[in-house]
Amino acid sequence: MSMKSQFERAKIEYGQWGIDVEEALERLKQVPISIHCWQGDDVGGFELSKGELSGGIDVTGDYPGKATTPEELRMDLEKALSLIPGKHRVNLHAIYAETDGKVVERDQLEPRHFEKWVRWAKRHGLGLDFNPTLFSHEKAKDGLTLAHPDQAIRQFWIDHCIASRKIGEYFGKELETPCLTNIWIPDGYKDTPSDRLTPRKRLKESLDQIFAAEINEAYNLDAVESKLFGIGSESYVVGSHEFYLSYALKNDKLCLLDTGHYHPTETVSNKISAMLLFHDKLALHVSRPVRWDSDHVVTFDDELREIALEIVRNDALDRVLIGLDFFDASINRIAAWTIGTRNVIKALLFAMLIPHKQLKEWQETGDYTRRLAVLEEFKTYPLGAIWNEYCERMNVPIKEEWLKEIAIYEKEVLLQRH
């Protein structure tokens, strides 16, 4: 049976449940995923005075072909984007500034240091998102930044975050799509603290100072990101979920939920509906934690599908900003981007092809047998036929065909790098 015939047959199967496949494919086209640049160079960045990777973050593996220049990183991103259906965004950290061979401290960064990224994004029709980098730096070596007891160090990081928001505003204005500027800090303690309140008070005061700088929200959206623990902050993290949830609600900021930043038995999918009742928007960093915040490449697993279901069934595609955050240096880095991003898009398609109205009715009337049975049956409905058609229409390879492109690129480009 031809691929087109498989698609038409699958359309009929889904259509029996009142699911409009064509409408789902049109909706899917409109959903941008924010693809993190740091998978391409193992969270290295391009600072001239480069610090060791810190902040409780670790990248394992030594696969050949890592990008070592901005040009190489952009070229690799272009390759990945050519294999991923849809129009998307690229997420940058401050350490990816281009300073023309001059040492520019992070609190002195300006929009001009990202002009090449903006020109590139314009050329490819991409949005850009941004993050201040509060790790891998001499002034973060003791694991404290915005909550540091030393006012001078604290001010350095406050100024860096203010500079980052201005860069985000520049991105949004130039590219005519709001930039999400997200603040994550590594601050915490390895062992049990004797005072949990004071560092949080300092963090609150730092954030208040950062957000007091006026920025046009039409161009820049502010987000704050929590974490349960990191290497070196096992016992206490200043920016906990409760801290940022409260701060975001009170100050009208976005909460960003990273799927690897919670207890292993705690799921982000279970938080989305609760937060949508109280927040206009929220943001995600989709990752795959294996026993801890290991940032494995995202797979098409139960939690990814459940996150997609929560977004789609609650009609929140325009309220939940979806980004990625994983890094694996043990496999081809362009393949890592491709696998993870395609899986997120595939999960959204899966969620769009579910009879949500009927399932909700069964839940409301107490028919839990039908609810469970049908949800399980839909796991083996012909999603693959619809996905292949979508990829074909979006001019990207179907199924695993994209691996051929990766193999050619690896041989001709990646393995030539030294």
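Glycine too: its Cβ is placed from the backbone N, Cα and C atoms.
If you check Swiss-Prot, you get these features:
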BINDING   H261, D293, D295  Mn(2+) binding site
I need the least crowded one of these binding-site residues (D293, D295), counting other C-beta atoms within 10 angstroms of each C-beta. D293
Around the Mn(2+) site formed by H261, D293, D295, which additional residues qualify by having Cβ within 8 Å of the site's Cβ center? K227, D258, T259, G260, S287, P289, W292, S294, D325
In the chain carrying H261 (Mn(2+) binding site), residues 6 or more apart in sequence that have Cβ under 8 angstroms from it: E225, S226, K227, L228, H241, H285, D293
